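Participant: Copying in the features that Swiss-Prot gives for the protein in this structure:
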type     : residues : note
MOD_RES  : MET1     : N-acetylmethionine
CARBOHYD : ASN2     : N-linked glycosylation site
CARBOHYD : ASN15    : N-linked glycosylation site
TOPO_DOM : 62-73    : topological domain 'Cytoplasmic'
TOPO_DOM : 134-152  : topological domain 'Cytoplasmic'
TOPO_DOM : 225-252  : topological domain 'Cytoplasmic'
TOPO_DOM : 309-348  : topological domain 'Cytoplasmic'
LIPID    : CYS322   : S-palmitoyl cysteine
LIPID    : CYS323   : S-palmitoyl cysteine
Amino acid sequence: MNGTEGLNFYVPFSNHTGVVRSPFEYPQYYLAEPWQFSVLAAYMFLLIMLGFPINFLTLYVTVQHKKLRTPLNYILLNLAVANLFMVLGGFTTTLYTSMHAYFIFGPTGCNLEGFFATLGGEIALWSLVVLAIERYVVVCKPMSNFRFGENHAIMGLALTWIMALACAAPPLVGWSRYIPEGMQCSCGVDYYTPSPEVNNESFVVYMFVVHFSIPMVIIFFCYGQLVFTVKEAAAQQQESATTQKAEKEVTRMVVIMVVAFLICWVPYASVAFYIFTHQGSNFGPIFMTIPSFFAKSSAIYNPVIYIMMNKQFRNCMLTTLCCGRNPLGDDEVSTTASKTETSQVAPA
């Protein structure tokens, strides 16, 4: 084995020279230079400084403006809540551990940080699944005269949390475990060791199939059908230009969110799968650190995409920030988000 396994940890560094120490007790400077840990700390500080105000502002603006409380926006707000969990429960911990170059909070802190990171990522993924299904049902209309209402949104929210907890909670109760990964400053599911005492391999397979592959299949199926339907409807002019434009704008926003999710999380999932299928092989700490920390940027992109692509929300945000006045003078209410409930692009 090209790494060193201990109680509740696996360090990707051979202990032939006797330098490996527990990542819960000693700085890991034998894995990387001090400046590299400083870079990680600075990066986490940046994510916190951006992630908290952006996601909090998303929630606050929606509470302040009743016209933003639409069923589709409930799902988007769910993403903001998940991101705040990641920022407050995970990023602050990782910032502090990076400053000390080891996981100073011990196995319990590792469990909490790993749980919040996994929970936030899974809520984001399953929220995108719900958004994809909503787009498919509203645009493709497999069920005649179906409207995505408040009850459907609440059911979608419940699904995201149930599925996210079904992925993030098992390592806390004995099915797999959370351990420090990469440079040992953040925690994730143990892809590195078989750990038969906690049935680790079965959990990783379950996680990749149920909580990654199946959601991806659903998302790609829904958008494949959606693209075909929108093209057919546009070609036959079955709906007004205004309705088609509204649907395209909402769909474009959600598709960009999916693409951004893939950009952030596929590298991490790919590296994790490689490590799982090549346990004991030689790889350095940076190999997992870069995709792991890059995936954390997902806490920022969703609200940024939402703010940039939703004119109604952008106007409400400016009104809130400027004490009730929109400096752009644009108070248009009828926008993409408000049209989502009533738009009906029929299939060919």
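In case you wondered, yes, glycine gets a Cβ from its N, Cα and C as well.
Model, not experiment: these values are computed from the prediction.
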Participant: Pick from CYS322, CYS323: which of these recorded sites has the biggest number of other Cβ atoms within 10 Å of its Cβ?
Facilitator: CYS322
Participant: Here's one to test understanding: among the recorded positions ASN15, CYS322, CYS323, whose C-alpha is closest in space to the C-alpha of ASN2 (N-linked glycosylation site)?
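Facilitator: Given the candidates ASN15, CYS322, CYS323, the nearest one is ASN15.
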Participant: In Å, rounded, how far does the Cα of ASN15 (N-linked glycosylation site) sit from the Cα of CYS322 (S-palmitoyl cysteine)?
Facilitator: 58
Participant: Would you mind checking how many other C-beta atoms are within 10 angstroms of the C-beta on ASN15 (N-linked glycosylation site)?
Facilitator: 14
Participant: Within 10 Å of the Cβ of ASN2 (N-linked glycosylation site), how many other Cβ atoms can you find? Include all protein chains, please.
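Facilitator: Around the Cβ of ASN2 (N-linked glycosylation site), 12 other Cβ atoms lie within 10 Å.
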Participant: Could you count the residues of the topological domain 'Cytoplasmic' (62-73) that DSSP puts in helix, in strand and in coil?
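Facilitator: Counting residues per DSSP class in the topological domain 'Cytoplasmic' (62-73), I get 9 helix, 0 strand, 3 coil.
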